[in-house]
């Protein structure tokens, strides 16, 4: 099928130029006559790849030199455990800001390793979900760290401002909005993100960790989750997912070649504005997130009728608009418009939404 647009929440759409490059090199990488999947992860060419990937990602995201970039396995869920094992070893407790499913899931996992205080910071006003607090400077320093998820993929709730935690360590699960816009990395102790939405394919998680937070893991921390061990081993204490790492490196190069984070931010804002502007004009579809907390990456909407929603998803799929079904815990529809989604994809979705409305209103 031609002109297919993939709105999946993850694994998500990859940049077409990256897929084409990977296809071209699949059987003969770096003139070696073998695939990148077959070469030694400690060989000359792959070591050059990871060095360049670190450099490119650091340039793209303006990551300070006093931060390490780790390319690990286990996804964000693995980091739900790794974070407390590496950080919660002084005061013995952590604060988790709850804005939805993934922040709550992270808090639940952390309770296996430390005391957790969980604070719900969303509320419903006039049927809309909004974040009601971002200043925690009065309580944050009693904790080893403060954790939050700035973009809840399921509901489409996003925190657009960095929470104020004073001098406490701020940790962010940015799996679904990393590299969506410019960010002051220095405000964070740790940022982690599964690659499968904005950075590459599934199979790798990127952890940006401030160097002074490395080296404090509890004794029982498995080496695979120990940031010091991984940093000292170039993220390779075991054989890494080399093909996923390679694809991430291609994504970084593609972003740099096409304007970097400035261009990404402008295009993402344009795509989100197009879709939300339409949702605000129609009475057929509804978005239930307050405007100031609407996600730029995950746009949720519903007709209010489950059968009509199912019909929408089925017909959209036939029209080449894939993976628009909402998460099972939230329902409705969800359009994930990550970095690789072109403006044309959003325009095609809006055109279909208008057609469906005209036929079913």
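The backbone N, Cα and C atoms fix where each Cβ goes, and this holds for glycine too.
A quick note: this is a predicted structure, and the numbers were derived from the prediction, not measured.
Going by Swiss-Prot, these are the annotated features:
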type	residues	note
BINDING	42	L-glutamate binding site
BINDING	76, 77, 102, 153, 173, 196, 238, 239	pyridoxal 5'-phosphate binding site
MOD_RES	197	N6-(pyridoxal phosphate)lysine
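Structure with Swiss-Prot features highlighted.
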residue : record                              : Cβ neighbours (10 Å)
42      : L-glutamate binding site            : 10
76      : pyridoxal 5'-phosphate binding site : 22
77      : pyridoxal 5'-phosphate binding site : 16
102     : pyridoxal 5'-phosphate binding site : 21
153     : pyridoxal 5'-phosphate binding site : 25
173     : pyridoxal 5'-phosphate binding site : 27
196     : pyridoxal 5'-phosphate binding site : 24
197     : N6-(pyridoxal phosphate)lysine      : 29
238     : pyridoxal 5'-phosphate binding site : 11
239     : pyridoxal 5'-phosphate binding site : 10
>> How many Å separate the two farthest-apart Cα atoms among the pyridoxal 5'-phosphate-binding residues 76, 77, 102, 153, 173, 196, 238, 239?
In response: 30
> What does DSSP say about residue 102 (pyridoxal 5'-phosphate binding site): helix, strand or coil?
Replying inline: helix
>> What does the structure give for the C-alpha distance between residue 153 (pyridoxal 5'-phosphate binding site) and the residue listed as 'L-glutamate binding site'? Integer Å is fine.
In response: 36
>> To the nearest Å, how far is the Cα of residue 238 (pyridoxal 5'-phosphate binding site) from the Cα of residue 197 (N6-(pyridoxal phosphate)lysine)?
In response: 24
> Which whole-number value in Å describes the distance between the Cα atoms of residue 77 (pyridoxal 5'-phosphate binding site) and the residue listed as 'N6-(pyridoxal phosphate)lysine'?
Replying inline: 15
> How big is the Cα-to-Cα gap, in Å, between residue 173 (pyridoxal 5'-phosphate binding site) and the residue listed as 'N6-(pyridoxal phosphate)lysine'?
Replying inline: 13
